[in-house]
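Student: Annotations for this protein, taken from TrEMBL, read as follows:
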SIGNAL    1-29  signal peptide
DOMAIN    41-358  domain 'Glycoside hydrolase 35 catalytic'
ACT_SITE  188  active site, proton donor
ACT_SITE  268  active site, nucleophile
DOMAIN    403-515  domain 'Beta-galactosidase 1-like first all-beta'
DOMAIN    540-598  domain 'Beta-galactosidase galactose-binding'
């Protein structure tokens, strides 16, 4: 161990001697560039080291953007790193949305007013544990499309998107009076199987066409030779990413093999990690983070901390991983980051600020406090009428002999109902089978309105049903988020193949795309209470209730103790998924802007498996993100 440490120290000394930035002045002004002779960035002609943090505007309510940015600035950061999720802005092909919570230019302006430079990561693929890695699901309408490659259809769609986005971004470049100092081309491309240099060359040309020749374009890849080889391209500055489990010197020596000169850059230094349903809550040690940050800054490296604040996967925006099986990312993107999911400063933030003080002046003034929280207490919900297909699917069903996917019906997120009839009598339990693992991702099965059980991708592909010939078979399929990383991002949803009952292939389907969000937002479910007692029900069911106004609209957290799995809306805003029985997340974050202090707050819950008899949900003043399950 002593020998290894000695070698590490010697390597760091050599690296510092060879590549430490100098204070040689440049003649440039109003510019941001790479000084290859002195191995540094230069801002307005002077050596510059960025100390940055990642923040995702798409995971934070617009009303809180300024609060989060100010806290990052007061920590001592001089830059932020921002992903642009393509699917967040072009959910429907050819329809671009940059309004409200999608107003990227307003966010950039707030950062500029706060004194923060911007490192922009526009993709087209971003990963970010975001749905399909930021790629729009409508790309999957073309069978066999090769995403993130020189596939003609993919390149056309990406080029059209960048024609819109990069045109908006050009005035925000630092050289043009804005605050964007550099722009990433693609994202961790070396980890993708395609390794298509023609694709990367096309993007390089596209970025130069729309952004000009002066802006720094860069790549980011993981700390392996394979990733750096496939992810880098001449003309794009190669940076690297790694966390606290990595030898700093060895990682930067790897960067040097691809960029012999220029600044050392860790574009993603991991302050925490993501959670999947069923995992333990991720945690990265504060002492390790602060110690390693100090070491990198001492070497003259520029560092971006991923994440500095994670935020929340509201609605259906969470991604999923697929290694040995499909694993969906939880609703919270707290990430064990320096700023919590609710934007509150943590001990990790204070430790990081103490490190940064050694390298640059910290802004004078107090750190903005945590946002106020309030425990509103219990709300009791009532069951809503179950026969709501006309409301939830006003356009009616699509008829098909065999199942169609979400993408084929252009229902990209949420839920679809597949309905057919039993082809014969099945008085004894008979297996319903998905022979090709075609349940993407969970299917809730009912016969004549009576819940039979569920089927789940990779894990539960067979279940037994009983019934009579002609009985109505309903299969409600839930999209749990498309794969965001690796070779499985072509992740179609719904029933991807035939279902077999015994020896019979089921046919003649009526397929209902369900627009639950519109129904909730328009209040169509609030007046539909069944008033049918307090008995618990199995299977998918909608419940609603009211959080009475208290004169306060503060942040809160809703806990669904005893509930199984589903989705929650507050005043028509989709908070995301809950799944307390699988954990680790037990509460959903409810930001203040989603609540009214003076009007009744409408609560809607879609429970997919079984509601508790008490029908209560609890609004708490603190989150609970680290339990592997719950007592009921």
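Yeah, the Cβs are placed from backbone N, Cα and C, and that goes for glycine too.
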Student: Tell me the Cα distance separating the residue listed as 'active site, proton donor' from the residue listed as 'active site, nucleophile', rounded to the nearest angstrom.
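Tutor: Per the Cα atoms, the residue listed as 'active site, nucleophile' and the residue listed as 'active site, proton donor' stand 11 Å apart.
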Student: Over the domain 'Glycoside hydrolase 35 catalytic' (41-358), what is the model's average pLDDT?
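Tutor: Mean pLDDT across the domain 'Glycoside hydrolase 35 catalytic' (41-358) comes out at 98.
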Student: CB neighbours of the residue listed as 'active site, proton donor' within 10 A?
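Tutor: Summing over all protein chains shown, the residue listed as 'active site, proton donor' has 22 other Cβ atoms within 10 Å.
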Student: Taking the Cβ of residue 268 (active site, nucleophile) as the centre, count every other Cβ atom within 10 Å, in any protein chain shown.
Tutor: 24
Student: Over the span of the domain 'Beta-galactosidase 1-like first all-beta' (403-515), count residues by DSSP class, listing helix, strand and coil in order.
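Tutor: Going by DSSP assignments, the domain 'Beta-galactosidase 1-like first all-beta' (403-515) contains 4 helix, 58 strand, 51 coil.
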Student: With DSSP helix as H/G/I and strand as E/B, how many residues of the domain 'Beta-galactosidase galactose-binding' (540-598) fall in helix, strand and coil?
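Tutor: Summed over the domain 'Beta-galactosidase galactose-binding' (540-598), the classes give 3 helix, 27 strand, 29 coil.
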